[in-house]
Ligand code: NAP
């Protein structure tokens with residue numbers, strides 16, 4: 001019996017995706033560099049569906065119906081290139097090579113172009129939801145040719161998470177679009193976790209609310225507009241007591257956050273695109289600072305605090321909730337704005353309503369809020385910024401007084417809230433009539449003759465700073 005899909009790379013993600021395909025009725029050919037993982041999967045779960053055991057990539061390819069669908073789920077980076085190089089000579093025109101790992105979208109663009117030379121389709125697929133999602137239904141973001149989606153999409157939609165009966169999977173766009181959208185998803189995930197951390201720190205260090213009590217608060221918040229997977233699991237982590245010490249687990253975990261790279265890639269791409277993605281950037285930097293444990297130890301000794309005592313209002317916890325919500329809206333707005341910039345730069349027809357819709361289930365940032373974001377972008381005219389959609393301008397406007405109170409309280413108490421505060425700065429930056437960028441342009445003109453535009457006439461100008469300071473019309477060198 002020929003298999004409809006082959007999976008190579010059977011570590012936790014590949015094994016669970018393979019099982020998901022099999023549980024959904026597909027025949028799945030299995031391959032792993034070291035055969036032991038293939039056999040372990042078959043021994044533990046071989047009865048879950050139809051699997052074909054193979055030992056070599058040649059056997060894997062021979063086990064597949066045409067056009068062949070080979071899904072690679074190996075360690076991102078050089079291993080993906082190595083597997084592709086071995087596969088290409090074994091495949092025929094029209095076959096589909098799928099990379100479902102966390103590859104950088106620039107690698108995906110390069111690989112797609114290289115495989116197109118061999119008349120092979122290369123599909124970079126973003127998969128979110130971790131191990132459990134891969135098994136039970138992840139959120140799936142496939143890129144590549146539309147033609148490849150016709151042959152592959154229905155299978156991916158079948159194994160994806162479903163919300164209101166709709167699959168959390170849709171064709172994203174050509175070449176690296178799927179991996180790009182997954183990368184921004186992960187960036188937003190960084191920001192989501194950081195704002196939760198800032199809320200926790202304010203309630204703990206500012207208001208003295210212990211983790212167990214905060215677990216109750218987050219559970220309550222999960223019933224309202226913040227309802228989301230990350231808020232739900234925050235309650236679980238904060239409520240967990242360490243069996244060894246009897247202390248809250250959060251108190252025995254070293255406060256230095258790791259990262260695997262997708263947040264950093266998001267910020268690097270945002271910089272390339274000139275996209276103001278401050279919430280994600282601050283979240284990546286906050287993890288970086290947390291990891292500088294040596295410097296932090298010295299900082300605790302040598303740096304003054306001069307905190308100002310603040311009488312916290314009775315509504316402090318509610319204020320924090322609103323600040324969290326407003327900052328979260330900003331991080332989604334910035335992420336979507338970055339997608340808009342990327343669509344223009346890379347010629348992708350990204351559909352924000354479909355992207356928001358497929359993030360509603362299966363993935364780490366799944367949240368109630370995404371339903372309203374989907375609606376905002378499904379409207380006849382998409383807003384230029386998520387925050388301009390009437391429902392969101394209203395929501396963030398209502399949260400604004402609490403947000404300002406929380407940020408100023410945090411500053412006075414010396415509690416760092418980089419995403420709460422930078423998101424507020426972004427919001428104020430968007431609504432300010434005049435920005436000090438005018439002065440920046442004046443300075444750039446003085447030291448570098450970079451020229452400026454005027455508010456009252458067309459053209460590009462330069463002041464002859466080192467001469468008689470008269471203004472001349474200049475060639476635009478911005
Ligand atoms: P992983 O630890 O990233 O990779 C291990 C797998 O890669 C093993 O099957 C290993 O084969 C294979 N491999 C490594 N180097 C190879 C090479 N040169 N040639 C052939 N195979 C090679 O596995 P993972 O955690 O399941 O993740 C797979 C991909 O999914 C990664 O891109 C990851 O970033 C992404 N992802 C992971 C998660 C998650 O929650 N873990 C979520 C979403 C996406 P051997 O057994 O022979 O060593």
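Using N, Cα and C of the backbone, Cβ positions are placed for all residues, glycine too.
Any TrEMBL annotation is an automated prediction that lacks curation.
The candidate list 158, 162, 260 contains one residue that TrEMBL assigns to the substrate site with 102, 128, 129, 130, 185, 186, 190, 287, 444, 450, namely 260. Cα separation, residue 287 (substrate binding site) to residue 182 (active site, proton acceptor), rounded: 20 Å. The binding-site residues in question are 11, 13, and the one with the fewest Cβ neighbours inside 10 Å is 11. Residues near residue 102 (NADP(+) binding site) in space but far in sequence (CB under 8 A, at least 6 apart, same chain), listed by position: 76, 126, 179, 182, 186, 260, 261, 262.
Spanning the residues 102, 128, 129, 130, 185, 186, 190, 260, 287, 444, 450 that the record associates with binding substrate, the maximal Cα-Cα distance equals 48 Å. Its own atom aside, the Cβ of residue 189 (active site, proton donor) has 23 Cβ atoms within 10 angstroms in the protein chains shown.
Around the Cβ of residue 34 (NADP(+) binding site), 9 further Cβ atoms fall within 10 Å across all displayed protein chains.
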